[in-house]
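S.K.: Attaching a single structure in structure tokens format; questions to follow.
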């Protein structure tokens, strides 16, 4: 961990990858510790910004890392500014993209935004939600269409004057596309400026983002200075590696754990996270003391699965998931480690149940699979399935789950 991060309170430093700028000279524009101190002295909570573009429908545990940090600021008495990027989502953040993103309609963005807020806990008890929506002074929900929808051409030109083509092409994603001859639409250059202008509009002190967001957050800092505001600090958190152990967690890569999944499915997936990621998951997704863990790697993995599941589903649901996971093999195996694994890479999705069990060689043929299912001999994660035509849309519907035929045939689905 960087020295300037070590100096921060634990609730801020945990999981933090970078804080910029990091000059602790005492200037509140350059020193976050000084800004934090002034906030306490003046009894003026920091305004902590997190922007989300509702380009999809589901939140996964990788997304939750940023929301957990925002909640930590709320719990410390500061104000969370949750910006719903209903305007910028129609452009699409070009970060990490090798081609221009498809633009979404207003209705699509609005529907996605409502789904996001529900998953974040709007209307729920704070102890059961990712963010605390119960105290008005602790959260502002803003939509950036409030200030971007009616931005006139004069203001757009003023924004554009604060950046250069050279600066934009220095951004890795643009640079790679430019060098390879892949088209870059002019509206994509606007995205970092519009995200930066969000910081001006809400006068943020801190902006949270993934490690891929440094350019955009720095743009916000520059624009705040140009508009006569105290510039924000950028706090960057890691991008969670997915269940495949190789690539970032992403629904399009079928390697996610969704926060809306049932507790047994969540626990089962987490229990099979690659060994080298277990401590990372514990560090980023829980508040557990990493110095007090078992020396047994398998026990640590089960502990991680239990604690992460309990954060989203509650401790009782997590314990039940762990118990039911073990019960799946009661009487046939001594432990879950004895269950063989198999990949669904050779299965064509969407897949019907009878085809799946035949393709995974759990049954000798599709007709046998139909007979077994109709006869009540087939289970998934301990739940009996009776419809041979039950459809699984993507590998993510199955990864981490245990397939069972009869009393002795088990298989755990892997990536």
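The first residue you see is number 1, and the count goes up from there.
Placed from the backbone N, Cα and C atoms, the Cβ positions cover glycine too.
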S.K.: Pick from 34-43, 44-53, 54-63: which stretch is listed in Swiss-Prot under motif ''HIGH' region'?
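M.R.: Comparing 34-43, 44-53, 54-63 with Swiss-Prot, motif ''HIGH' region' matches 54-63.
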S.K.: If you check Swiss-Prot, which stretch out of 238-242, 243-247, 248-252 is marked motif ''KMSKS' region'?
M.R.: 248-252
S.K.: Specify the count of other C-beta atoms within 10 Å of the C-beta of residue 251 (ATP binding site).
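M.R.: Total other Cβ atoms inside 10 Å, all chains included: 16.
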